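Since the structure comes first, as structure tokens, the remarks are kept for the end.
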Amino acid sequence: MYPTSDETPPASKVSTSNATLTSHEKLKLWRKKFADAGAMSIFCLPAIVDVTMLTFIGRGFFMTAFMDPDHLEVAGYALLVSMLLTAGVTGWVGSVGHYYMAHYAYDNMIYFHIQRLSGGFVLTLVIALCGLVSFSLQRSVSAGFVFVAYLICISTYFNILGVMSTMHLLEAPLTSRRKVILQTLPVLLLSPLISTFVNGHDLEIYLPTIYAFLLVILWHYRRLCQEWSDWMEKIPKFTSKDISEWYSMTVVNENQEAKVSGFMSSPLIRRVSEGMPFIEWLLKKTSAGKAPPPKFTTAWFTQLGEAINQQQQLRSGLKEHNSFILFRLARHDIGQNLALFLIALMDRWIMMAMSARQPYPSIYTDSRSRYGIWLSIVYFCLSAMILDATLQKYWSHRYDTSHEKMSGLEDAERTERQVESRRRELLIKAAVDVFSKLTVFFGCTTILLWLLVESTETTIIYFMYVFGYSSAIVFQFNRCFTTNISAHITVMMVSAAVSFIVGCLLHAIPATAGFLYTDVLAQNLTSLLAAAGTSCAVAFTHDQDDNESIIVQKKITADYNEDIKIAAIAARDIVVTCKMQHGDGSRGADKLGKLLQNSLRDPNCHSRATQWSDRLLRRAEDMWQTQKVTVTASTSESFYRNGLDKAFSFGYFKSGVLHVVIGLFWRD
């Protein structure tokens, strides 16, 4: 959801005052700022405009309040289903697509995007067919076809929006697709404008306009794919000899007036000036963060030639990756996006599931209640944009590693403590940065609520929605700092499942069936559970690899053995013959304690040859005496059945205790 291409670059030393810019230059600057604001701005800003128009004039980008009630209801269902479909497609594209983008493999990236768009479209058609049958039987045939039309156009629009929002690189000469989205969105304004003067034909106006907008954005998408694919063709082919000849002919042999007038008229200079941004972009990859050689020197031409050859070899040699591998890489981001839409829209999912139970309580209690709902949605969209833009400068710190040389276990532990301290420091700093801005937004929306709304019910619903959406921002914030992504996603999914069941039960029980705040209460519950659970995971859990890693000691043989991988479940399936721990009174435990003491008093030649062996042995003895080590003896048959026939032992940490499992009486 937060692509690496959105990481904030170092601040430029040269700044241009807006006062010196023309109107056209200011417009271009604001477009650039909009594109750099983050991927969420592409979704949230149009949503804010859409819901604002619906609130005040009853006409939005996709539907109006004056449509047939059945058509309006199925269009709302299509919008909700489209969001859920887009969550999976966008999560997959935004996660895996940047593996190609980081290596400038834009051809493979575009191919991957097209595959995901095609898969999303096929899935949309399947769901549309099911909806056509169900709504035709339940409501009317026209309602079924309206659902199909809206589902196809909205889901396709959202999927293309998600793909194009990820096609953005800071400081790249390639056109940002976020700017293209900003240019094409005004097409959707035609529908509310025309339907305002042509009443009674909203559906006939909106659907053709939306599909025309899809054709326009698909045309732009095709052009941009071609531009990103052919960017290497824009690098001019020239050598130092060409520069020397041009210099001798143009600069040395001509007078000053001819020099000034002939510089840009030269075909060579024109080609080089147009292609220089692409040359610098390519050299940025091969320079590995270092400054390239001075322009047009021999070293510069050598590096440019090598960079072009490497990129051409990459384009011809990089093949399509396995879809299952790509899904495995993106599964956490897909789960994160799906869980976000499930939690943030929990009130809508419960309404869809329990809408047949009549009379169904409506949160629109009076004519002004729509203002409270509008302000809560605006608050959530602005909060998501601020969160996305703020966390851009913190995502890169997840991959910071220490470059300090470590001489032993103590250095490794000290470095680990420093990394954890740095992570918590950044977490606190980012939390203050994000939630101080959210407080300002909350104050502004609350003041508007005070001016526009008088109903107590609407005020309560507004504050409940703000609480739920703020909790959603909290678990989205925790995603940047969590060290156990699987636990993070699991907490969110479990929270959504529990709250959905609770909400449905509240509607099913006669005593609470007519309660006005049931849906919002369920949304608050799932957001609160997800926020609290993920916050605990951020604060108290360690990295997943540390929790579930199992260290295997292989048998010493003359043959080469590959690294043995063991699943965590194998540790629980091992047959236990006996356990030994310090102080349990067994002969084996006493023997192990004496062996550790003898190893410290009389080290062998191998221990004396290594400087860190003494610290390691003392640490092992200390852990043994404090009962932080448990030795388990098993049988060779048990090891063999669990795929450990080439292993001598394995160990793992559980609740702060090191468990060492040894296989005795090995079968050869």
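Heads up, the Cβ atoms here are built off N, Cα and C, so glycines get one too.
Curation plays no part in TrEMBL annotations; they are all automatic predictions.
According to TrEMBL, the transmembrane segment annotation covers 37-62 (among others).
What TrEMBL records for 74-96 (among others) is transmembrane segment. Within its own chain, the transmembrane segment (74-96) has Cβ neighbours under 8 Å at 1, 3, 39, 62-63, 67, 112-113, 116-117, 119-120, 123-124, 127, 131, 135, 139, 143-144, 146-147, 150-151, 154-155, 158-159, 161-163, 165-166, 326-327, 329-330, 332-338, 340-342, 345, 348-349, 352, counting only residues six or more beyond its boundaries.
Taken from TrEMBL, the feature transmembrane segment applies to 117-135 (among others). Under 8 Å from some Cβ of the transmembrane segment (117-135) lie the Cβ atoms of residues 74, 77-78, 81-82, 85-86, 88-89, 143-145, 147-148, 151-152, 155-156, 159-160, 163, all in the same chain and six or more residues away from its ends.
Listed as Cβ neighbours of the transmembrane segment (141-160) (distance under 8 Å, sequence separation of 6 or more from its ends, same chain) are residues 43, 62-63, 70-71, 73-75, 77-79, 81-83, 85-86, 89-90, 116-117, 120-121, 124-125, 127-129, 131-135, 203, 207, 210-211, 213-214, 217-218, 221. TrEMBL lists 141-160 (among others) with the feature transmembrane segment.
Non-local neighbours of the transmembrane segment (180-199) in the same chain are 31, 34-35, 42, 46, 53, 57, 59-62, 64, 66, 161, 164-165, 205-206, 209-210, 212-213, 216-217, 220-221, 224; each lies 6+ residues outside the stretch with a CB under 8 Å from one of its CB atoms. Per TrEMBL, transmembrane segment is recorded for 180-199 (among others).
Under the heading transmembrane segment, TrEMBL lists 205-221 (among others). With a cut-off of 8 Å between Cβ atoms, the residues of this chain six or more beyond the transmembrane segment (205-221) that come close are 62-64, 149-150, 153-154, 156-157, 160, 163-164, 177, 180-181, 183-184, 187-188, 190-191, 194-195, 198.
The feature transmembrane segment is assigned by TrEMBL to 334-351 (among others).
The feature transmembrane segment is assigned by TrEMBL to 371-391 (among others).
Same-chain neighbours of the transmembrane segment (426-453): 368-369, 371-372, 375-376, 378-379, 382-383, 386-387, 390-391, 394, 397, 459, 462, 466, 470, 473, 477, 480-481, 538, counting only residues six or more beyond its ends whose CB sits under 8 Å from a CB of the stretch. Annotated transmembrane segment per TrEMBL: 426-453 (among others), in sequence order.
For the transmembrane segment (459-477), same-chain residues at least 6 beyond its ends with a Cβ under 8 Å from one of its own Cβ atoms are 340, 343-344, 363, 369, 372-373, 375-377, 379-380, 383-384, 387, 391, 430-431, 434, 438, 442, 445, 449, 453, 488, 491-492, 517, 520-521, 523-524, 527-528, 530-531, 533-535. Per TrEMBL, transmembrane segment is recorded for 459-477 (among others).
Residues or ranges marked as transmembrane segment by TrEMBL: 489-509 (among others).
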Per Cβ pairs under 8 Å, the stretch of 37-62, 334-351, 371-391 packing most closely against the transmembrane segment (489-509): 334-351
